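For reference, the structure discussed in these notes is given below.
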Number of protein chains: 2
Amino acid sequence: MANCVVLLSGGLDSTTVAAFAMSQGFDVHALSFNYGQRHLVELDAARRVARELGLHSHVVCDIDLRVFGGSALTASIDVPHRQSGEAVDFGASKEIPVTYVPARNTIFLSFALALAETISASDIFIGANSIDYSGYPDCRPEYLAAFEAMANLATKASVEKGQKTTIHAPLLTLTKVGIIELGLSLGVDYSITHSCYDPVDFNKPCGSCDSCLIRMGAFESLGMVDPLF
Amino acid sequence: MANCVVLLSGGLDSTTVAAFAMSQGFDVHALSFNYGQRHLVELDAARRVARELGLHSHVVCDIDLRVFGGSALTASIDVPHRQSGEAVDFGASKEIPVTYVPARNTIFLSFALALAETISASDIFIGANSIDYSGYPDCRPEYLAAFEAMANLATKASVEKGQKTTIHAPLLTLTKVGIIELGLSLGVDYSITHSCYDPVDFNKPCGSCDSCLIRMGAFESLGMVDPLF
C-alpha cells in the first residue's frame, strides 16, 4: 500500500477525507497541529478519529504561534455567534471570516510535504471544501494548484527521483451535505468528530458558531440529527 | 519605511541579506527557527546580528521536528568533514548533500508569509545563493518563483487588497566571494556571524565541514582571513 499524508483536524471534513483516502487504498499517516487554537478539544477528536479509523500513524505538531498575529481562532478576538433564527450565509458572503489564520494552510501543507518526503509518500490529502472556499483564500483550487506546483520543485524526491507530489482536495466541490453523504457511505461515525470553533464546556459544541450551524443544517437537510447535539 | 521579513540564521549569507534589506530602505523584521539543528549556536549568532544591525524585531520560532526525519543537520547522521588538503567542490556536484532537511525552506518561507501578513509586509528576503543552489532543491530560482506565485494566492492581503508578495533572493546569482564583497560594502562585521554545520566547542567552528571551508576559501580569495578563525 502506498503511504499518504492526511491533514487531520478531527472535524467533519478531515475525518471524511481520512476515510476517503483509506477507501482509495492508501496507508494513511495523519498530521494534526497544536497551534494554540481555542478549540484544543479538536486534538482529542483527531486522536479519537485516528484510533477509530485505524490510521497507520498520527503526529501532532506544535506550531509556534508568534508569527500568526490576530485571528479569532488563536487570539483574543471573539468568535461570532448567531442568535437563534439568524441566517447563516453558508459561504455566500465574499468576506473573509475573522476566523482566518494567516497562511495557515500554507504552513500545514509545508509540514505535510516534509512528512511526505520522510515516509516516501507522494500524496497529500486536505479537507478544503466549497464552504471554506468562499471565505478562506487558501482553500481555493487555484491556491492548491499553485502549492502543488511549488511542492514539485521543492524536494529532494522531486529532483532526484522525479517524484510528483499530488495535493488531493476531494471535498473541494462538495457541499456540506455532499461531504456527509460521502462519509456515511464510507461508514464514518460523525459522533467522534468535533467541528465547533468555540466550545462552551469541555467537548461541548456551542451550537451557534458558523461551524456548528453549517454542520447542523447539513444533517437537517439529510433528515438527520447531527450526532453531536 | 516599509516592513519586510528577513529569514535570519545568523550565518554569513542571511546576515548579508539583512544588511542589504536595510540598505534598500526596509524596516527589517527578522525570523529565525529553532528546529533542533546541531548548530544551535547559530541562534545566538542570529540574536547578535539582529542587535548589532539594529533590526526592528526578531522572532525565534520553535519548529516541531517530528516531521523532518533524517538529515545530518537534525538527526544522528554525521556531518561530513574534509581531510586537510581535500578539495571542496564548491557546489559543482549534482548530488544533494546529507545536510538537506526535507521541505525546510518551504516551511521557513511559510512562516515568513504568515509573519509578513500580520505586519502588513509584502517583501520577504531569503539568503538562498548560487552555492546552495547547486545542492538544495529549495534554493533554486524556479522553486522561489513557484513559492512566490503560491503566496500571491494564499493570503487575505492578496485577495482583499491585491497585495503582491515578493520573495527576494538577492544573493542567488552571487558567489560566496561576491556575497562577502557585498556585505563588506554595506559595513557588515562578519566576526559576529556563524556558519559552521558542526561546531566542536561552544561557538567554535570546526573548520572542516563544507560550510566552514567554503567561507574560509572565499575570504582567502579576497586576500583576507575569515574573522572566525
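Here the Cβ of each residue, glycine as well, is placed from N, Cα and C on the backbone.
Annotations in TrEMBL come from automatic prediction, not curation.
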Matching residue for the Zn(2+) site, where TrEMBL names B:Cys206, B:Cys209, B:Cys212 - out of B:Cys139, B:Cys196: B:Cys196
In the structure shown, which of the binding-site residues B:Leu8, B:Ala18, B:Cys196 has the fewest other Cβ atoms within 10 Å? B:Cys196
Can you tell me whether DSSP puts B:Cys196 (Zn(2+) binding site) in helix, strand or coil? coil
With the fewest other Cβ atoms within 10 Å, the residue among the binding-site residues B:Leu12, B:Cys206 is B:Cys206
By Cα-Cα distance, the member of binding-site residues B:Cys196, B:Cys206, B:Cys209, B:Cys212 nearest B:Leu8 (ATP binding site): B:Cys196
What is the set of residues, excluding B:Leu8, B:Ser9, B:Gly10, B:Gly11, B:Leu12, B:Asp13, B:Ser14, B:Thr15, B:Thr16, B:Val17, B:Ala18, whose C-beta falls within 8 angstroms of the centroid of the C-beta atoms at the ATP site? B:Ala46, B:Val49, B:Gly127, B:Thr193
If one measures from the C-alpha of B:Cys196 (Zn(2+) binding site) to the C-alpha of B:Ser14 (ATP binding site), what distance in angstrom results, rounded to a whole number? 14
Compared by Cα position, which of the binding-site residues B:Gly10, B:Leu12, B:Ser14, B:Ala18 is the closest one to B:Cys212 (Zn(2+) binding site)? B:Leu12
